[in-house]
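As recorded in Swiss-Prot, the features of this protein are as follows:
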type	residues	note
BINDING	Arg40, Arg46	NADP(+) binding site
BINDING	Arg129, Ser130, Ser131, Gln257, Ala258, Gly302, Lys317, Pro318, Ile319, Ser320, Ser321, Arg343	FMN binding site
Amino acid sequence: MIRYFTAGESHGPALSAIVEGMPAGVALTESDINDQLARRQQGYGRGGRMKIETDRAEVLSGVRFGKTIGSPVAMLIRNRDWENWTTSMAQFEDHATEVQKITIPRPGHADLTGFVKYGFDDIRPVIDRSSARETAARVAAGSLARAFLRQLGIQIGSYISTIGPVSEAAAPASLQELLDAGAESLAAEADKSPVRMLDPEAETAAIAAIDQAKADGDTLGGIVELYITGVPMGLGSYVQHDRRLDSELAAAIMSIQAIKGVEIGPAFDNARKPGSQVHDELFAGGEKGLRRETNRAGGIEGSMSSGQPIHIRAAMKPISSLVSPLSSFDLATLEAVQSRFERSDTCAVPAAGVVAEAVVAPVIANALLEKLGGDHMAEIKERLEVYRAALRMRFEK
């Protein structure tokens with residue numbers, strides 16, 4: 001089972017990630033990790049932090065001669081901004097009397113709840129660990145599982161369909177063609193846009209909306225469209241709640257900072273339709289074998305992969321750190337004040353798509369390993385080929 005842990009604060013010396021359970025023999029390059037980190041830093045509407053950091057992962061263990069060796073992979077991502085925070089975020093020297101405590105929580109952030117939960121007298125520790133800066137470590141961790149899946153013909157990609165008031169009118173005409181080529185083709189096409197949208201008209205309108213929000217001291221959220229292609233039928237299980245593939249994917253997506261909603265396929269649209277217009281009809285036989293002509297289930301039926309592209313939609317709320325502040329209060333005095341501003345983005349939805357790609361990779365990898373077993377890439381590949389061949393033979397005439 002692949003699992004990972006991250007550590008580090010936004011303004012500390014570094015972020016780190018440890019990935020355990022990677023099979024041996026997975027080919028890996030520095031670009032497999034660092035290219036994903038670079039994608040996370042892109043996107044129109046990002047803040048000043050992106051001008052400071054150029055994220056690169058230092059792999060400390062678990063890889064030899066360009067292949068994983070089965071032991072935990074440890075990675076370090078240094079924070080260049082640390083040099084400006086050595087006093088405020090010192091690990092051992094006590095600079096409490098030199099640093100002004102932050103006691104004004106921002107509405108919508110972890111500030112207040114984290115302050116109360118952990119008994120702090122200063123919000124700074126909450127800000128620095130709850131920050132979405134932590135997702136850099138998760139993208140690095142997810143890139144390992146992503147490389148594993150890619151070598152088995154499974155690809156992950158995303159694009160953005162909504163930013164603030166701007167939505168694409170319909171699914172892009174090129175979507176199916178991109179998915180047929182693999183979800184990474186979809187991601188590559190989306191990456192050509194500064195807002196990762198596929199519709200040029202929507203892109204122009206979204207950029208204008210971000211500019212207006214920035215001028216107003218406001219922020220914007222949006223919707224991520226995530227696809228996973230090449231997933232064989234039968235991953236996950238209906239037998240127990242904690243083995244349901246859709247629930248595991250939803251949990252992974254919901255763990256991303258500022259994500260407040262998830263649906264598998266067009267779930268909320270499906271809820272407004274009769275069943276006869278929702279369920280994907282089944283066909284078998286002939287050269288095409290088992291097939292469906294629609295994918296309103298989003299690639300998951302009965303909490304198991306159906307063999308179609310898995311489609312996940314994720315709603316990101318607007319970032320909670322506003323230049324134009326909302327009402328708050330001072331935790332030290334309980335006096336009403338305006339909330340404070342912490343350096344932030346106007347819109348981070350394009351980056352959220354990249355993070356979403358990263359966090360679902362270990363979920364799919366684990367479902368595949370549960371189905372096939374194996375400790376080395378060669379035996380896993382062989383078992384998957386046998387399984388895919390058996391599926392083809394079962395439904396072809």
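Glycine too: its Cβ is placed from the backbone N, Cα and C atoms.
Overlay of Swiss-Prot annotations on the structure.
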| residue | record | Cβ neighbours (10 Å) |
| --- | --- | --- |
| Arg40 | NADP(+) binding site | 25 |
| Arg46 | NADP(+) binding site | 20 |
| Arg129 | FMN binding site | 18 |
| Ser131 | FMN binding site | 20 |
| Ala258 | FMN binding site | 19 |
| Lys317 | FMN binding site | 15 |
| Ile319 | FMN binding site | 25 |
| Ser321 | FMN binding site | 22 |
Original post:
Hey, how far is Ala258 (FMN binding site) from Arg46 (NADP(+) binding site), Cα to Cα, in Å?
Top reply: 15
Original post:
What's the CA to CA span in angstrom from Ile319 (FMN binding site) over to Arg46 (NADP(+) binding site)?
Top reply: 11
**OP:** Rounded to the nearest Å, what's the C-alpha distance separating Arg129 (FMN binding site) and Arg40 (NADP(+) binding site)? Just drop the number here, would you?
**Re:** 18
Original post:
Can you give the largest Cα to Cα distance in Å, as a whole number, for the residues Arg129, Ser130, Ser131, Gln257, Ala258, Gly302, Lys317, Pro318, Ile319, Ser320, Ser321, Arg343 that bind FMN in the record?
Top reply: 44
**OP:** List the Cα distance (Å, whole number) between Arg46 (NADP(+) binding site) and Ser131 (FMN binding site).
**Re:** 14
Original post:
What does DSSP call Arg129 (FMN binding site) in the simple three-state scheme?
Top reply: helix
